[in-house]
Amino acid sequence: MAGQLRFTSGKDEDHFQHQGAVELLAFNFLLILTILTIWLFKNHRFRFLHETGGAMVYGLIMGLILRYATAPTDIDSGTVYNCGNLFFSPSTLLVNITDQVYEYKYQREINQHNISPHQGNAILEKMTFDPEIFFNVLLPPIIFHAGYSLKKRHFFQNLGSILTYAFLGTAISCVVIGLIMYGFVKAMVHAGQLKSGDFHFTDCLFFGSLMSATDPVTVLAIFHELHVDPDLYTLLFGESVLNDAVAIVLTYSISIYSPKENPNAFDTAAFFQSVGNFLGIFAGSFAMGSAYAVVTALLTKFTKLREFPMLETGLFFLLSWSAFLSAEAAGLTGIVAVLFCGVTQAHYTYNNLSSDSKLRTKQLFEFMNFLAENVIFCYMGLALFTFQNHIFNALFILGAFLAIFVARACNIYPLSFLLNLGRKQKIPWNFQHMMMFSGLRGAIAFALAIRNTESQPKQMMFTTTLLLVFFTVWVFGGGTTPMLTWLQIRVGVDLDESLKEEPSSQQEANKLDKNMTKTESAQLFRMWYGFDHKYLKPILTHSGPPLTTTLPAWCGPVSRLLTSPQAYGEQLKEDDVECIVNQDELAMNYQEQSPSPSSPTTKLALDQKSSGQTPGKENIYEGDLGLGGYDLKLEQTRGQPQMD
């Protein structure tokens, strides 16, 4: 080499830094506009366009400006140079250009399907996010918030129905969408719009699995504002929470389906292997998330972290995030892990937190959920113009619109009919119609679709998914209020006051004896509640009966070690607190908080507001497995007075 080389890590570091600041500033202004629009909508009670729909509109406008108002800044970026001395693709490459060495990093392999038509336009390329950002940064707070804010009482009273819709309903939707789309793909091949072999049945099932992920965030927000019938709200919310987890694992299982001989043919062994992968990944992710929540509960119970609310909140956040990262590192699904981590944290850990930490964790995850959700919907609008490999096919888009409506109908109506055969409180027709109408697509479907856009079928799926999200959020989300009126669904119902008065213990005993043969199917459910009340809550929280009264005498040292001192003082009452996150509650807590946050008065007020009821009134006996909704009764704990 003739002269001394000058090493540099980039073309113009200052230029790149300024460009990055401009891109972040653009997103910052989008979020500011979205927040102001939300305030305007709430102030004028405008419900025909939800905040997520407004965020997409602003994203569309910004994408339109970036697409047509910016020009390529590097005309040589699309030029291909041959390197005959390289026989593999290194992760980093040092290139000598006129005695200056530049460092380049590997991004992806370029082929005829993923080459960018806007090569050299640095702004458009930078505004196209790495898909992993959605899964590793934006989705976890949304999913954790869904689990942490779960309305436990209503959720478990409809648990059987929710599980049926979430698991069986998602599988039905996946298969129906896959079959309909396969028919349209064959029509596209016959019409000459696709080559035979470009789009296989497994691709159609993959599209069906990602489009099975419903995200009725718009509808649920309006339901919450109008205080819609709690049973309808719980069915729809519970289905959407678990449906996301099922759809993500189902999509992964289909993507790794690989028969040995023909990768696109049906193979029995490969099919059952995929089913096993689905069950294994789901169970492993569930165990991982629950384990981290149990560790958090034990740490908050047996340490004095509650005396330092900032440390307590920080530990709570980091351990919850670790559940997601550990599941991903272990080859499981972090989204499922963080969902069940949130549910378990709300059920156990929340009771151990100080009053300050209870309020802080609620606010923290509600804020993160709000911000992440609006970033995703803003980016959806942006991606319509900044994504560089869209494939618009009218026949495929038409088939997708038809498929999601047919699949939703095949999901809701048959399963509701079967559930009503066993439910004591039937799911009425107007509820079923509203659930059919509420099958919106949103953040999960978008994130699953954008994660892989390397091939032509995947690019066509992504473009179609984007259009479906726009249509369902704008049209169905905007039509929620008129649909509630047309279906005559009651509104203005308080979620807690709507619960029927609990029957007395004698009435429960008589009813249980009378219907003993009918409630045998709920034996597992009743056993779980008994185990949770007698053993898990006393071990993991400060509530529940002392373990000295529930464990055998020979376990005395262990029971005394694990029993919280507060449990002896509160032995006569049930001190389980439901974790309910909503904006009204947070506002009330701020207004009514005393000058001393750690005072007993403040703690009691916060606990009562967050639970929406007095301690000891949680209905731990009731549950519906979709097989009758009969009341459940726990046996009286030895050494403990009969609970009201």
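Placement of Cβ uses the backbone N, Cα and C atoms for every residue, glycine included.
Summarising the annotation, Swiss-Prot assigns transmembrane segment to 21-41 (among others) and lists sequence analysis as the type of evidence.
Under the heading topological domain 'Cytoplasmic', Swiss-Prot lists 42-45 (among others).
Per Swiss-Prot, transmembrane segment is recorded for 46-66 (among others), and the stated evidence type is sequence analysis.
If you look up Swiss-Prot, you'll see 67-126 (among others) marked as topological domain 'Lumenal', on the strength of similarity to another entry.
Residues annotated as transmembrane segment in Swiss-Prot, with sequence analysis given as evidence: 127-147 (among others).
Look at the topological domain 'Cytoplasmic' (148-164): DSSP puts its residues at 13 helix, 0 strand, 4 coil. What Swiss-Prot lists as topological domain 'Cytoplasmic' is 148-164 (among others), and the listing cites similarity to another entry.
The transmembrane segment annotation in Swiss-Prot covers 165-185 (among others) and rests on sequence analysis.
According to Swiss-Prot, the feature topological domain 'Lumenal' maps to 186-203 (among others). On the 0 to 100 pLDDT scale, the topological domain 'Lumenal' (186-203) averages 84 in the predicted structure.
Swiss-Prot lists 204-224 (among others) with the feature transmembrane segment.
Under the heading topological domain 'Cytoplasmic', Swiss-Prot lists 225-235 (among others), citing similarity to another entry as support. Counting only same-chain residues 6+ beyond the ends of the topological domain 'Cytoplasmic' (225-235), those with a CB under 8 A from a CB of the stretch are 47, 151, 154-155, 157-158, 161-162, 165, 425, 427, 431, 434-435, 481, 484, 489-495, 498.
Taken from Swiss-Prot, the feature transmembrane segment applies to 236-256 (among others), supported by sequence analysis. Long-range contacts of the transmembrane segment (236-256) within the same chain: residues 143, 146-147, 150-151, 155, 158-159, 162-163, 165-167, 169-171, 174, 202, 205-206, 209-210, 212-216, 219-220, 223, 274-275, 277-278, 281-282, 285, 333, 335-336, 339, 434-435, 438, 444-445, 448, 452, each at least 6 residues beyond the stretch ends and with a Cβ under 8 Å from a Cβ of the stretch.
The topological domain 'Lumenal' feature in Swiss-Prot is assigned to 257-277 (among others).
The annotation transmembrane segment is assigned in Swiss-Prot to 278-298 (among others) on the grounds of sequence analysis. Residues of the same chain lying 6 or more positions beyond the ends of the transmembrane segment (278-298) and with a Cβ under 8 Å from any Cβ of it are 245-246, 249-250, 252-253, 315-316, 319-320, 322-323, 326-327, 330, 332-345, 348-349, 352, 540-541.
Residues annotated as topological domain 'Cytoplasmic' in Swiss-Prot, with similarity to another entry given as evidence: 299-309 (among others). Taking DSSP states H, G and I as helix and E and B as strand, the topological domain 'Cytoplasmic' (299-309) has 8 helix, 0 strand, 3 coil.
Taken from Swiss-Prot, the feature transmembrane segment covers 310-327 (among others). With a threshold of 8 Å between CB atoms, the same-chain residues lying at least 6 positions outside the transmembrane segment (310-327) that come near it are 136, 140, 144, 284-285, 288-289, 291-293, 295-296, 299-300, 333-338, 341-342, 345, 349, 353-354, 356-357, 360-361, 364.
As annotated by Swiss-Prot, topological domain 'Lumenal' applies to 328-333 (among others). Proximity of distant same-chain residues to the topological domain 'Lumenal' (328-333), defined by a Cβ-Cβ separation under 8 Å and at least 6 residues beyond the stretch ends, is recorded for 136, 245, 248-249, 252, 281-282, 284-285, 288.
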### Query
Have the transmembrane segment (46-66) and the transmembrane segment (387-407) got at least three CB pairs under 8 Å, pairs 6 or more apart in sequence?
no
### Task
Sort out for me which stretch, of 365-385, 387-407, 466-486, has the most Cβ pairs below 8 angstroms to the transmembrane segment (204-224).
466-486
### Query
Considering only Cβ pairs under 8 Å, which range in 21-41, 165-185, 430-450, 466-486 makes the most contacts with the transmembrane segment (387-407)?
165-185
#### Entry: Spatial neighbours of the topological domain 'Cytoplasmic' (299-309) far in sequence, C-beta under 8 Å, 6+ residues away
315-316, 319, 349, 352-354, 356-357, 360, 540-542, 564, 597
#### Entry: Cβ-based contact of the transmembrane segment (430-450) with the transmembrane segment (466-486), 3 or more pairs under 8 Å
yes
### Query
For the topological domain 'Cytoplasmic' (225-235), what are the DSSP-based totals of helix, strand and coil residues?
8 helix, 0 strand, 3 coil
